[in-house]
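Features as listed in Swiss-Prot:
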COMPBIAS  465-475  compositional bias 'Basic and acidic residues'
CARBOHYD  N88  N-linked glycosylation site
CARBOHYD  N185  N-linked glycosylation site
CARBOHYD  N406  N-linked glycosylation site
REGION    66-88  region 'Disordered'
REGION    465-485  region 'Disordered'
TOPO_DOM  1-12  topological domain 'Cytoplasmic'
TOPO_DOM  34-485  topological domain 'Lumenal'
Amino acid sequence: MKGRRRRRREYCKFTLLLALYTLLLLLVPSVLDSGSEQDKGGRDCPGLQRSLGVWSLEAAAAGEREQGAEVRFQAEGNPDRSPRPQGNLSAIRESVTQEKQHIYVHATWRTGSSFLGELFNQHPDVFYLYEPMWHLWQALYPGNAESLQGALRDMLRSLFRCDFSVLRLYAQPGDPAERAPDSANLTTAMLFRWRTNKVICSPPLCPAAPRARADVGLVEDKACESTCPPVPLRALEAECRKYPVVVIKDVRLLDLGVLVPLLRDPGLNLKVVQLFRDPRAVHNSRLKSRHGLLRESIQVLRTRQRGDRFQRVLLAHGVGARPGGQSRALPSAPRADFFLTSALEVICEAWLRDLLFTRGAPTWLRRRYLRLRYEDLVWQPQVQLRRLLRFSGLRTLAALDAFAFNMTRGSAYGADRPFHLSARDAREAVHAWRERLSQEQVRQVEAACDPAMRLLAYPRSGDERDVKTVRKGETPLETNANWAT
């Protein structure tokens with residue numbers, strides 16, 4: 001009897017072990033498959049361009065996003081009309097729109113972006129920064145423009161939140177005036193072009209300034225330097241937080257798609273103004289200021305897209321040599337002209353990529369994007385200024401209207417100081433390339449930039465539209481520039 005009970009217990013144990021073993025055999029392949037998929041996902045992370053190309057993340061929530069965007073659009077178009085309640089999501093969006101507005105002016109070198117940025121700098125409701133990413137490019141030279149795009153985006157995120165501590169990472173160890181006397185904190189003197197910043201060069205940061213912040217007019221850099229002692233960046237951060245609109249202008253971001261994570265951030269409330277200019281006029285202006293743009297052009301040429309083609313050229317001239325290698329001085333013309341021309345090819349490719357990118361963008365993103373041509377801005381400064389202010393949520397000012405008009409009706413093109421902002425002759429600025437570029441130079445630019453030129457409605461030299469343009473003395477306005485655009 002006892003033997004029978006013992007055998008029964010052993011049989012039950014054996015059955016239980018067999019069941020557990022079978023279950024384990026079933027679970028092991030599933031666990032292994034799950035682990036391999038995770039490893040594969042970690043090794044094969046989709047790139048930004050592939051992730052954004054079909055806008056799949058937006059499509060998943062298209063209905064609710066588009067509905068909220070429509071409500072916001074209707075409210076902006078008719079302030080007296082109360083939008084229909086849309087639940088918690090609508091409340092979140094409403095709170096975001098009441099927060100700060102952030103604007104990024106997306107441009108490239110010699111497109112007139114300093115003038116466009118100055119319109120924001122003059123507005124009393126705007127806190128404006130001029131090319132803060134200059135510090136990053138200088139600190140990491142000779143770098144790769146493409147590989148620096150992520151760092152530029154992260155810097156933008158911090159600066160838009162009025163956190164300037166990121167600038168310490170790229171500060172040059174030099175002038176003691178750039179540091180506060182009581183600490184290691186940086187001061188406003190380290191900022192690129194700080195002497196023309198309206199916030200830095202007016203009260204309360206500069207009590208002795210001759211102009212109030214609300215007065216519209218260019219800041220004299222020498223006068224600001226003599227009357228406005230540097231203040232810690234913490235004080236500038238405090239001023240930044242007071243303004244309803246923060247605008248940053250820069251020329252070193254080559255891919256609009258890099259900004260999509262910031263545009264998606266509901267707490268950032270970011271919009272982008274992208275400025276274009278006739279590539280032939282850009283090339284003419286770049287040649288005039290070739291020595292000031294040579295380092296920047298080399299950074300552009302070191303991108304992976306053209307690395308194989310141009311790396312041998314750069315190394316042959318000893319420019320941007322690999323660590324440990326011998327590096328010579330920057331080349332002089334005509335080799336400098338070659339670098340500038342080649343960099344323009346990369347820039348035109350970036351323009352084309354951005355134009356196609358925005359064409360396939362969802363409605364919510366297109367409403368946060370404004371496309372503007374320099375030629376339209378200087379021929380119709382007041383019309384384009386009102387369009388710009390409406391997009392940015394800023395009030396119109398008669399003094400700013402007059403400022404924009406007078407800045408485009410100067411007496412000269414300003415060739416003596418190409419990096420100095422002053423009133424220019426709009427006609428001369430638009431058409432100077434026709435007299436200063438050779439036929440071969442024009443042909444090279446048009447060959448490299450033709451796809452982008454066609455999308456931006458710039459006629460090739462010699463065709464029927466171009467002949468009419470020369471006869472009338474102005475560039476035809478872009479006909480499809482009003483998709484919010």
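Here the Cβ of each residue, glycine as well, is placed from N, Cα and C on the backbone.
N185 (N-linked glycosylation site) carries neither a helix nor a strand DSSP state and counts as coil. Every protein chain shown contributes to the tally, and the Cβ of N185 (N-linked glycosylation site) ends up with 15 other Cβ atoms within 10 Å.
Across the topological domain 'Cytoplasmic' (1-12), mean pLDDT in this model comes to 72.
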